[in-house]
Amino acid sequence: MLNFTHVTEFILLGLTSRWELQVFFFIVFLLVYIITLIGNIGMITLIRVSPQLSSPMYFFLSHLSFTDVWFSSNVTPKMLENLSSETKTISYVGCLVQCFFFIFLVHVEVFILAVMAFDRYMAIGNPLLYGSKMTRNVRVGLISFPYLYGFFISLISTLWTYGLYFCGNIEINHFYCADPPLIKMACAGTHIKEYTMHTLAGLNFSYSLTVIFVSYIFILIAIIRMRSAEGRRKAFSTCGSHLTAVIIFYGTLFFMYLRTPTEESVGQGKMVAVFYTTVIPMLNPMIYSLRNKDVKEAMGKVINRMCLKK
């Protein structure tokens, strides 16, 4: 039996072994990655330079974009490297690092989405007190929790990954180091790792979803009580963008992490993983910009200023 510490590298089997499909995927995912970087970095920059986007909602949105940049960058560059190379390997240390940052960023994102739901409740349910309640210190405290808690959970999960044992098989049936395929290929130490993966994923996703669900119950009550049709329309517009992001992200994560790892589930998980590691980070800026009047107006003003300078 090989101890995990004796393994120096793994082979990532990727999405396909067919050369022509690898070329196609390389082009597609390179374009998606470039769009993701431009969209999210552009969103962060727009929020920082636009006075009309200075509300707490956009402060949290900038952190969501920041997380999406790193979420995609943790996986995509290595995937592109392997698609263009014959040696599709990742070092043992590199695999652990990728596992750590993946789990860390997933938890940061789910709890930022929960914080954003609470922020929407404060803005819609208590509009007169919103500015005085959501002070800079409160915002910093709320946004610090996902990062600190995500780091703690990721450290525990990665240590359990370190405890897996392998019996000669070093081929990971995936395009990045993910827990389900590592559990499937390991020959010992899998029980505690699988148990903690399901427990932590179930508890943390449930906690964050509970915050979102309760926040939206109170938001719905507040919207029903509104007398202004314009106020209802604006509330549904801002909440619609957030709900779209929540449904897409949580749906794919539940599909990936709350099932027992099998050959079939790991294979299906690869297709789902493509969606939440590459497509969702690209879609988030579009979801929040196309459905948001303030963002579109701020973008127009920035473009006008740039044109006038020329």
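Glycine is treated like the rest: Cβ placed from N, Cα and C.
What TrEMBL records for 23-46 (among others) is transmembrane segment.
Mean pLDDT across the domain 'G-protein coupled receptors family 1 profile' (39-288) comes to 86 in this model. The domain 'G-protein coupled receptors family 1 profile' annotation in TrEMBL covers 39-288.
Per TrEMBL, transmembrane segment is recorded for 91-118 (among others). Counting same-chain residues at least six beyond the ends of the transmembrane segment (91-118), those with a Cβ under 8 angstroms from any Cβ of the stretch are 4-5, 7-10, 57, 60-61, 63-64, 67-68, 70-71, 74-75, 78, 142-143, 145-147, 149-151, 153-155, 157-158, 161-162, 172, 176-179, 182, 204-205, 207-209, 211-212, 215-216, 242, 245-246, 249-250, 253.
A Cβ distance under 8 Å defines the sequence-distant neighbours of the transmembrane segment (138-160), meaning residues of its chain 6+ beyond its ends; these are 56, 59-60, 63, 96, 99-101, 103-112, 115, 118-119, 179, 192-193, 196-197, 200, 204. Residues or ranges marked as transmembrane segment in TrEMBL: 138-160 (among others).
Summarising the annotation, TrEMBL assigns transmembrane segment to 205-224 (among others).
If you look up TrEMBL, you'll see 236-258 (among others) marked as transmembrane segment. Taking Cβ pairs closer than 8 Å, the transmembrane segment (236-258) reaches residues 57, 64, 106, 109-110, 113, 116-117, 120, 123-124, 178-180, 197-198, 201-202, 205, 209, 212, 216, 219, 223, 268-269, 272-273, 275-276, 280, 283-284, 287-288, 291-293 in its own chain, all 6 or more past its ends.
According to TrEMBL, the transmembrane segment annotation covers 270-290 (among others). Here the transmembrane segment (270-290) has long-range neighbours at 15, 29, 32-33, 35-36, 39-40, 42-43, 61, 64-65, 68-69, 71-72, 74-76, 173-176, 178, 241, 244-245, 248-249, 252-253, 255-256, 296, 299, meaning same-chain residues at least 6 beyond its ends whose C-beta is under 8 angstroms from one of its own.
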Using a Cβ-Cβ cut-off of under 8 Å, list the residues of the same chain that are 6+ residues beyond the ends of the transmembrane segment (23-46) and lie near it. 15-16, 53, 61-62, 65-66, 68-69, 72-73, 76-77, 79-80, 83-84, 278-279, 281-282, 284-286, 288-289, 295, 298-299, 302
